[in-house]
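Q: Pasting a structure below so you can have a look.
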Amino acid sequence: MTNHSVILCILDGWGNSENSQFNAIAQSYKPCWDNTILQYPKSQLITHGLNVGLPDGQIGNSEVGHVNLGSGRIVLQDLCKINNEIKYIKNNRYLLEFIKKIKQNNGICHIAGLLSDGGVHSLHTHMLDIIDTLSNFQIQIAVHIFLDGRDTPPISAIKYINILREHIKHLNNVNIATISGRYYSMDRDNKLDRTRTAYKAMAFADAKRYTDPSLAIQDSYNAGITDEFILPCVIGDYNGMNPQDGFIMTNFRSDRAIQIIKMIIGDIKTDNHITLENTIGMVKYSESINIPCLFPNNNITNTLGEVIANHKLHQLRIAETEKYAHVTFFFNGGREDTFENEDRIIIPSPSVTTYNLMPEMSAKEVTNTVIERIKLQKYSLIILNYANADMVGHTGNIEATKQAITALDQCLNKILNCIQGTNYVLVITADHGNAEEMFDVKNNMPYTAHTLNPVPFIICNYSKQIRLKNGRLCDVAPTILEILNIEKPKEMTGISLIEYI
């Protein structure tokens, strides 16, 4: 091993695009960045489709990006795995056991999930396939719909409602029970008041009632509320859950499923509570959630974090709340426990309704803490995530996103200044694009989703003369190991992108 240490700085949602129109990054004031891309070796990384273990053409996301970054290999993602296996769902032993308990208890089945073709947290066809299988067992099914508007256009929910209604129109035992914007039903930031609002509608039918989901959605549109933020409401004569019922979550991404599931199974209590013990998920969401899953996860070994730990080196993971799981759980390939000599720091995200109201988020606090830890000269590897470009980009507010980019630029400048004269090498990249495309010209509305654009890959303050090849996210870990002069394990099929001059 050499005396080099590495800081991997992940600029979440920072993509490259030659088109400056509606590009918050290109239009922002960022003198440090502009100088950095001229001064240091740079290339680009692919973040979508087959190159990250997703279906061809599927937009990448933060979970997928961090799994690939940390694993050093293309990891087959849950979306692909479920697409391959759901055709056999009627024979799935976990689902059959779930159904058996419902029938024994004379309960109904509650099925909930994000009704979206975004492919980030869910895929609507998975829900439809499971509904078909459940309906064949002659049990009553209540569907709880989470509305997207973030990985899909902000005003598109009625399209997906109509797809569902067309699919179930001949199924007399299936009814839409509630709808809720994902802002409430899929919070991950411990803003439990949001989760409780969704839970009360689902568990007790305690929300405004509509005869038709499309009417509820249109009412929200008329009030200027887009899909993501639609208040939970009850549909038709739905009257709530009972303890003998079953609950199935069709989201396959864990971070935004955890809070609502913990409320359903009673791990997070409310003033009034109904606990559904017969609960099942698509995947293993967390070691702290003890429920079965339809599609068990594969174990990923010899990730970057594990290799660092095996060499008895110290490492640090740091991010604000919104991205903390990404630099820990996801970066470690789905492992919740820390490795030996792995420190973790979570900086609270600001308590605001949406992050366009505070574009700087907690980047300054993250930066100050990182600088304190750099000065300790303790860590061989520091992994940090800046959430701003992604989280503010998701609001669709280009002016706020430009402010977020400027705030990030100031943070990068502080870190670069801090490592001058040290053995730290700063590796800058992103997990996917977002902030470089802020408007959907085709639909004439703000663009709030991720992009298919490549992301930057820059190496700063390295003592050797190099150039960088273009690559994929899975090539980042092998590149870092080369800088650290650590042999790449055989499980890592990515390659180092360094070419020595």
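Placed from the backbone N, Cα and C atoms, the Cβ positions cover glycine too.
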Q: Per Swiss-Prot, which one of Ser43, Ser62, Ser463 shares the Mn(2+) 2 site with Asp12, Asp431, His432?
A: Ser62
Q: Please pick, from Arg182, Arg194, the residue that Swiss-Prot records in the substrate site together with His121, Arg150, Asp151, Arg188, Arg253, Ser254, Asp255, Arg256, Lys323.
A: Arg182
Q: With H, G and I counted as helix, E and B as strand and the rest as coil, say where DSSP puts Asp390 (Mn(2+) 1 binding site).
A: helix
Q: Could you give the Cα-Cα distance between His450 (Mn(2+) 1 binding site) and His432 (Mn(2+) 2 binding site), in whole Å?
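A: Checking the Cα atoms of His450 (Mn(2+) 1 binding site) and His432 (Mn(2+) 2 binding site) gives a distance of 7 Å.
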Q: Report the nearest neighbour of Ser254 (substrate binding site) in space among the recorded positions Asp12, Ser62, Asp390, His394, His432, comparing Cα positions.
A: Ser62
Q: Using the Cβ center of Asp390, His394, His450 as the Mn(2+) 1 site position, which other residues in that chain lie within 8 Å, going by their Cβ?
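A: Counting only non-site residues, the set is Asp12, Gly13, Ser62, Arg150, Ala389, Met391, Gly393, His432, Asn434, Ala435, Thr448, Ala449.
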Q: Go through His121, His394, His432, our binding-site residues, and report the one whose Cβ sees the most other Cβ atoms within 10 Å.
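A: Answer by Cβ density within 10 Å: His432.
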